[in-house]
Amino acid sequence: MTAPPAPPRLLLSGISKRYPSVVANDDVHLDIAPGEIHAVLGENGAGKSTLMKIIYGVTRPDSGEIRWEGKRVHIDSPAAARALGIGMVFQHFSLFETLTVSENVALATGLPSAGLSERIREVSNRYGLPIDPERLVHSLSVGERQRVEIVRCLLQSPRLLIMDEPTSVLTPQAVRQLFATLRQLAAEGCSILYISHKLDEIRELCERATVLRQGRVSGEADPRVESNDSLARLMIGSELPSCPLPPGTPGEVRLKLDAVSAKSEDPFGTALDGVSLEVKGGEIFGIAGISGNGQQELLRVLSGETLSEKAGDVRIAGVEAGRLGPAARRALGLGLGFVPEERLGRGAVPALSLADNALLTGARGAGLTKGPWILRGKVNAFAREIIARFRVKTPDETAAAQSLSGGNLQKFIIGREVLLSPAVMVAAQPTWGVDVGAAALIRGALVDLRAKGAAVLVISEELDELFEICDRIAVLADGRLSPSVPTRDASVELIGRWMSGDFTEVGHVQA
Amino acid sequence: MFKLEARPAPSALMRVASPLFAALAMALTGALLFWALGQPVGKAFYAFFVQPLTTAYGVGEWLLKATPLLLCALGLVIAYRANVWNIGAEGQLVMGAIAGGGVALAFPDASGPWLLPAMLAAGVLGGMAWAAVPAFLRTRFHTNEILVSLMLVYVAGLLLRYLVGGPWRDPDGFNFPQSRMFGEAAVLPLLHPEMRVTVVALLALLLTGGVWLFLARTWLGFRLTVAGQAPAAALYAGFGQKRNVWIALLASGGFAGLAGVAEVAGPLGQLQPSVSPGYGFAAIIVAFVGRLSAPGALLGALLMSLLFIGGETAQMELGLPAAITGLFQGLLLFYLLAADLFVNYRLRRVSPAATPALKEATR
């Protein structure tokens with residue numbers, strides 16, 4: 001008998017999973033060879049997460065079969081998945097901040113703690129992921145925390161490693177380091193399943209890609225020979241919507257911060273250190289930087305959730321607003337529009353209807369109240385206008401905010417703030433976790449605001465996005481704001497250096 | 001094998017059905033209890049739930065006890081919607097009784113039509129003042145309003161006992177610890193000559209509509225609801241948090257104070273060492289049984305009132321101990337909390353095939 005060709009490391013066939021309201025996976029096929037770096041691409045809600053949960057034993061499929069190295073298996077729990085040799089690095093880390101790296105690893109893996117530190121050091125050095133096992137996790141940067149998660153998986157010698165959106169929190173330099181590690185792992189025979197919506201990264205790293213659309217496999221491709229547009233077509237079924245930025249004519253300064261310093265309410269947060277900036281009407285100002293470098297604190301100072309010491313620290317539409325709360329800032333002149341990073345619970349009340357959520361910040365600007373009374377008819381009409389103008393997918397305005405997908409809810413929140421025609425708009429991570437179609441619509445809305453003369457400030461971790469829509473760009477690193485540079489003169493290298501806190505090379509500086 | 005799993009969205013049906021399930025489970029457990037005590041179950045139930053309502057007087061008593069329950073619960077609905085946990089309605093009720101009763105005692109010979117409104121206003125203000133203490137301590141020092149409002153219940157009770165046993169004691173009362181009887185102008189008119197229930201029952205009904213309107217249709221009510229459900233969203237929208245705490249506590253304190261003065265100016269007619277059999281505490285259950293809505297509180301108050309008078313009938317007719325009332329109240333809340341789990345979760349059958357499959361996978 002001749003030996004059959006080596007079976008795939010993992011073979012999924014006919015996998016289907018239905019939830020009460022949605023078919024998450026429909027007859028999905030996926031195979032991964034040993035040592036292959038395989039991408040799973042798809043918009044939000046395309047079924048990527050469900051598929052990964054099925055592979056990692058968190059969810060069980062309704063039908064279909066899973067073969068691991070040729071043998072049929074049922075993966076009922078993450079423990080069963082790990083026993084097979086499947087490791088997963090989640091997008092959101094699951095580490096105890098008050099414990100050391102080594103204690104975290106011991107807790108999660110059940111490995112004996114004797115000699116564990118040595119093994120962590122050895123594995124982390126071999127794969128170019130240096131970490132000190134004795135450090136407390138809360139003192140680690142986000143990139144270092146991810147290393148802990150990866151090392152934790154590697155200690156269990158996985159033969160398939162699942163990475164869920166691993167680069168969303170990394171600097172460009174750290175991304176390069178991660179890719180080197182992943183290539184080394186693959187060369188040693190470990191298969192890697194790489195989930196992302198960043199097309200550039202997938203084209204750089206992966207040998208094969210399975211594209212999901214609405215729960216079905218819409219195609220398989222070799223990303224190295226595809227273009228961003230062709231991959232995006234597989235994902236969303238049409239051209240990647242582009243958002244060309246027409247030349248603008250900046251007007252007068254609408255938003256000004258004057259050497260603002262602020263302590264953080266979060267004990268592990270970052271204090272702001274002398275942040276100054278000016279945003280003119282008709283201009284989009286982008287602030288890049290990795291979350292945790294003072295973004296939360298800066299946003300609270302801008303929105304009025306944190307009051308400044310001096311009224312003159314924050315000027316909105318020419319008015320000294322440093323001592324005014326959020327409601328007063330919305331009411332100033334044409335007002336301040338604000339889109340927070342957290343959609344559920346801050347930008348919207350989860351259990352309330354979309355109509356009520358339109359009322360949340362629209363009461364004054366859209367004239368939805370009269371004396372003490374809520375004008376229900378106007379509230380509903382305003383909500384319907386947002387839904388129609390921003391193509392929010394929902395049955396109607398009575399649907400609860402929490403029933404919408406992340407992208408749809410974000411469209412609703414952005415729409416609410418935009419329709420109030422603010423003089424100054426502040427948007428934090430406007431397209432974070434949002435699918436390509438919704439992201440294009442959201443960016444288009446911000447550019448439209450700019451055309452109408454509003455001053456727009458965008459804080460985002462996504463450099464691509466900032467380069468696409470911003471007139472000027474600066475970086476927030478460790479609570480300090482870099483000088484700003486016109487986007488056309490900025491390079492990814494310069495931004496990367498600024499992200500590390502080195503502001504010495506400033507290029508074309510504008511105050 | 002059954003497994004609890006989260007529902008994709010909270011079940012609207014279960015939100016309404018849960019109090020009904022709870023009432024049914026309470027009745028079944030009650031039946032078991034009657035049986036264990038050697039009572040004929042049918043007769044016990046008749047005595048508990050039907051007999052009180054067979055006479056006009058009984059119906060009057062039912063409404064009489066439902067009134068303070070409803071008033072307290074309406075205030076608590078507002079507070080709990082705003083996520084402010086006022087547990088001290090009983091104490092605020094007592095302070096309302098003291099303040100309103102104090103006005104009646106200060107003007108024993110008054111006969112003008114201003115006296116009753118003045119007493120009611122004083123009662124409302126007394127309840128508000130007592131609720132202002134936890135509001136101040138929470139907004140100024142971040143104390144927990146649950147503990148402060150609860151402990152103040154006992155302070156209010158002791159103050160009342162001191163007053164009726166000391167400075168306000170009826171000099172012609174043979175040393176009984178109670179105040180003088182109020183003058184005629186200080187007693188609320190009755191709804192019907194054969195019943196003891198007063199016009200405050202109608203006022204409570206009116207206020208039920210008012211609270212419903214306040215929560216559903218006013219900007220302030222909306223802001224309280226947002227603050228209760230998503231504090232970060234309230235901050236984002238610029239709804240001052242301290243203001244919400246004050247409004248929630250003052251509103252619930254005012255309603256409880258009104259209930260208190262209506263008791264002493266109604267069926268009691270004087271201040272006594274105890275002015276309430278625990279209406280302020282029972283109203284917490286009423287607010288929850290009523291799903292934190294005003295119309296729900298109305299139904300909840302009627303049910304809870306029936307438990308109070310049913311408990312009394314059961315004591316007289318069946319010779320059961322007084323604890324029977326508290327027992328039924330406790331059963332109701334217990335089953336309600338249990339049934340509420342199924343608003344957000346559901347039971348699902350798990351196929352027993354799961355176990356061997358795991359073995360195969362890990363082999």
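Cβ atoms are placed via backbone N, Cα and C, with glycine included.
Lifted from TrEMBL, the feature list:
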{"type": "TRANSMEM", "residues": "B:62-80", "note": "transmembrane segment"}
{"type": "TRANSMEM", "residues": "B:92-108", "note": "transmembrane segment"}
{"type": "TRANSMEM", "residues": "B:114-137", "note": "transmembrane segment"}
{"type": "TRANSMEM", "residues": "B:146-164", "note": "transmembrane segment"}
{"type": "TRANSMEM", "residues": "B:197-215", "note": "transmembrane segment"}
{"type": "TRANSMEM", "residues": "B:245-266", "note": "transmembrane segment"}
{"type": "TRANSMEM", "residues": "B:278-310", "note": "transmembrane segment"}
{"type": "TRANSMEM", "residues": "B:322-343", "note": "transmembrane segment"}
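Stretch with the largest number of CB pairs closer than 8 A to the transmembrane segment (B:62-80), among B:92-108, B:114-137, B:278-310, B:322-343: B:278-310.
If you look at the transmembrane segment (B:322-343), the same-chain residues 6 or more away from its ends with a CB under 8 A from one of its CBs are 4, 7, 10-11, 14-15, 17-19, 21-23, 25-26, 29-30, 33, 278, 282, 285, 288-289, 303-304, 307-308, 310-312, 314-315. In terms of C-beta pairs under 8 Å, the stretch of B:114-137, B:146-164, B:197-215, B:245-266 lying closest in packing to the transmembrane segment (B:278-310) is B:197-215.
B:245-266 is the stretch from B:114-137, B:146-164, B:245-266 with the greatest number of Cβ pairs below 8 Å to the transmembrane segment (B:197-215). Long-range contacts of the transmembrane segment (B:245-266) within the same chain, counting only residues at least 6 positions beyond its ends with a Cβ under 8 Å from a Cβ of the stretch, are 64, 67-68, 71-72, 74-76, 78-79, 81-82, 84, 86, 89-90, 92-101, 104, 116, 119-120, 122-132, 134-135, 138-139, 145, 149, 182, 186-188, 196-198, 200, 207, 220, 224, 275-276, 279-280, 283.
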